[in-house]
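Let me begin by presenting the structure, written as structure tokens, before commenting on it.
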Amino acid sequence: MTLNKHHCCSTFIFLLLTLLSQFYSVESELQLNYYAESCPNAEEIIKQQLLCGMQSCDASLLLRRVKGMESEQESDRSFGMRNFKYINTIKEAVEKECPMTVSCADIVALSARDGIVMLGGPRIEMRSGRKDSKQSYLTEVQNTIPNHNDTIDLVLARFQSIGIDTPGTVALLGAHSVGRVHCVNLVHRLYPTVDPTLDPEHAEYLKRRCPTPDPDPKAVLYSRNDLETPMILDNMYYKNLLRHMGLLMVDQQLTSHPLTSPLVEKMAADNGYFHDQFARAVLLLSENNPLNEDQGEIRKDCRYVNLV
């Protein structure tokens, strides 16, 4: 399967957010080249499937609702993530090569790694050996994943609780350099009056993209995060913030908080520094308390836990 650039971009955002989706579990040792013997072609298969198109990373977000289990996909924190199907497509390809060997959680992590590179971001040496969750965590997601309207203090505290410092958090928000934002998450800054922290000309552009204060969540109504380099993971996000062109409230707050404002300026001036901090933070996220052999499993289908 070959994904077009739009799908690669939005899939990357989904994969990165998946890494953010679970902050729980028990510790397990991950390794570089974990599948070198059990499934030596696994990483290449994942890369090829992704071509052109993240409590720990245990792939619980991929689980669908079934009797007795709610799905994290139903959380408003998961709004806008529409590319779950691609993970299962990759899983099917890997299963043909090595049945019941490679976890969905590792597919998510390794796909995020490759997606970052495809978007011009840094190469991250990511270890594998994760197991998949046997349950979904809808309530935990609601209570722990930062919302787009949360204060920067709350966002910093949430990330700090899992070992991500302030530079890492500011860099992770730089993932908003690619992808797009649905009007549902924008209109509160446009109606009934325009947020004074928004550049007036950019606000007029956003109004053309989102012409009503009550957009249909199912409609294709959105604005790209970055109009200049929308398919490149670069520091244009921070340059736009300094121009008062951040889309989400949490984005624009970065320029006014005393802890984050100097970092916005530094990342806007130095793309290499942004990439270094981004790579470091993504690696920490990807290794945040993965499930061990006893607590997890290797799902046959990423959408459902295995039948006992």
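Every residue, even glycine, has its Cβ placed from backbone N, Cα and C.
The Ca(2+) 1 binding site annotation in TrEMBL covers D58, S60, E72. Taken from TrEMBL, the feature substrate binding site applies to P146. Marked as heme b binding site by TrEMBL: H176. Annotation source TrEMBL lists Ca(2+) 2 binding site at D226, T229, D234. Feature annotation from TrEMBL assigns disulfide bond to C39-C98, C52-C57, C104-C302, C183-C210. Taken from TrEMBL, the feature domain 'Plant heme peroxidase family profile' covers 29-306. According to TrEMBL, the signal peptide annotation covers 1-28.
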Which of the recorded positions C98, H176, C183, C210 has its Cα nearest to the Cα of T229 (Ca(2+) 2 binding site)? H176
Taking each of C39, C104, H176, C183, C210, C302 in turn, which of these recorded positions have a Cα lying within 10 angstroms of the Cα of D226 (Ca(2+) 2 binding site)? H176
The one of C39, C183, C302 whose CB sees the fewest other CB atoms within 10 Å, among these disulfide-bonded residues: C39
With a 10 Å radius around each C-beta, find which of these disulfide-bonded residues (C98, C104, C210) has the fewest other C-beta atoms nearby. C98
Under 8 Å Cβ to Cβ from the residue listed as 'heme b binding site', same chain, six or more residues apart: give me those in sequence order, or none if nothing qualifies. N225, D226, Y237, L247, L248, D251
Intrachain C-beta neighbours of P146 (substrate binding site), sequence separation six or more, cut-off 8 angstroms: L154, V155, R158, F159, V250
As a whole number of Å, the Cα atom of C302 (disulfide bond) is distant from the Cα atom of C98 (disulfide bond) by 15
Length of the line joining the Cα atoms of C104 (disulfide bond) and C98 (disulfide bond), in Å: 13
Going along the chain, which residues six or more apart from D234 (Ca(2+) 2 binding site) have their CB under 8 A from its CB? G120, S177, N271, F274
C183 (disulfide bond) and C98 (disulfide bond), Cα-Cα, nearest whole angstrom: 42
Over the span of the domain 'Plant heme peroxidase family profile' (29-306), how high is the average pLDDT in this prediction? 85
Using the Cβ center of D226, T229, D234 as the Ca(2+) 2 site position, which other residues in that chain lie within 8 Å, going by their Cβ? S177, V178, E228, P230, M231, I232, L233, N235, M236, Y237
Cβ neighbour count (10 Å, all chains) around D226 (Ca(2+) 2 binding site) is 21
Cα distance, C39 (disulfide bond) to C210 (disulfide bond), nearest Å? 47
Looking only at C-alpha atoms, tell me how far C183 (disulfide bond) is from C39 (disulfide bond), rounded to the nearest Å. 43
